[in-house]
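Now, the feature entries from Swiss-Prot:
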type     : residues                                                                                       : note
ACT_SITE : GLU137                                                                                         : active site, proton donor/acceptor
BINDING  : LYS111, SER112, THR113, TYR114, ALA115, ARG116, THR135, LEU136, GLU137, GLN156, TYR170, GLN180 : dCTP binding site
Amino acid sequence: MGIKSDRWIRKMAREHGMIEPFEPHQVRHGDCSSVISYGTSSYGYDVRCSNEFKIFTNINSAIVDPKNFDQNSFVDLVSDVCIIPPNSFALARTVEYFRIPRDVLTICLGKSTYARCGIIVNVTPLEPEWEGHVTLEFSNTTPLPAKIYANEGVAQVLFLGADDVCETSYRDRSGKYQGQTGVTLPKA
């Protein structure tokens, strides 16, 4: 598997709608200030976080069970900023909608700007022929509240081209997160 370049990313986004909306270059400045960068980089694409958040709370003293997740464990927030409580986490989604080609697998890594503040961004790989908004998981590993900025960069997607096309894609097996929009909670 080889990593795909900025030229390939731009071509696939423009000709095949692989990323929508798409920013063909790296954006580092907003209207009046600097932003955490997003858009096409040399060998990846830096995604933005939308303004839709689900902040984890334990007001119901629930047990976290991935097979039976209680959605009442979250507080919904629509805002340009999300404050994650100490030692807690929040879910969000990307601004961008992805359509992954059949011969590509992506790996997503959190941006160092957040990691250096103790904020870990986790995203599972985007599998061949998966499509949707990416659900982002933010973990605040610090004993202090942590801030996430909507519409700014949060993670980088790396596109790995396969040497051989897979027999069964995510779409073929009707993956449970296929076509997801909005912030999607765990499904068992």
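Note: Cβ is positioned from N, Cα and C throughout, glycine not excepted.
Shown on the structure are the features that Swiss-Prot records.
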| residue | record | DSSP (3 states) |
| --- | --- | --- |
| LYS111 | dCTP binding site | coil |
| THR135 | dCTP binding site | strand |
| TYR170 | dCTP binding site | coil |
Residue among the binding-site residues THR113, THR135 whose Cβ has the most other Cβ atoms within 10 Å: THR135
Neighbouring C-beta atoms (10 Å sphere around the C-beta of GLU137 (active site, proton donor/acceptor)): 15
Cα distance (Å, whole number) from GLU137 (active site, proton donor/acceptor) to THR113 (dCTP binding site): 16
Pairwise CA distance, ALA115 (dCTP binding site) versus the residue listed as 'active site, proton donor/acceptor', rounded so that it is a whole Å: 13
Which same-chain residues, if any, lie at least 6 apart from TYR170 (dCTP binding site) yet have Cβ under 8 Å of it: ILE100, GLU127, PRO128, GLU129, TRP130, GLN178
Between the residue listed as 'active site, proton donor/acceptor' and LYS111 (dCTP binding site), the C-alpha gap once rounded to whole angstrom: 13
Packing count at LYS111 (dCTP binding site) (other Cβ atoms within 10 Å of its Cβ): 19
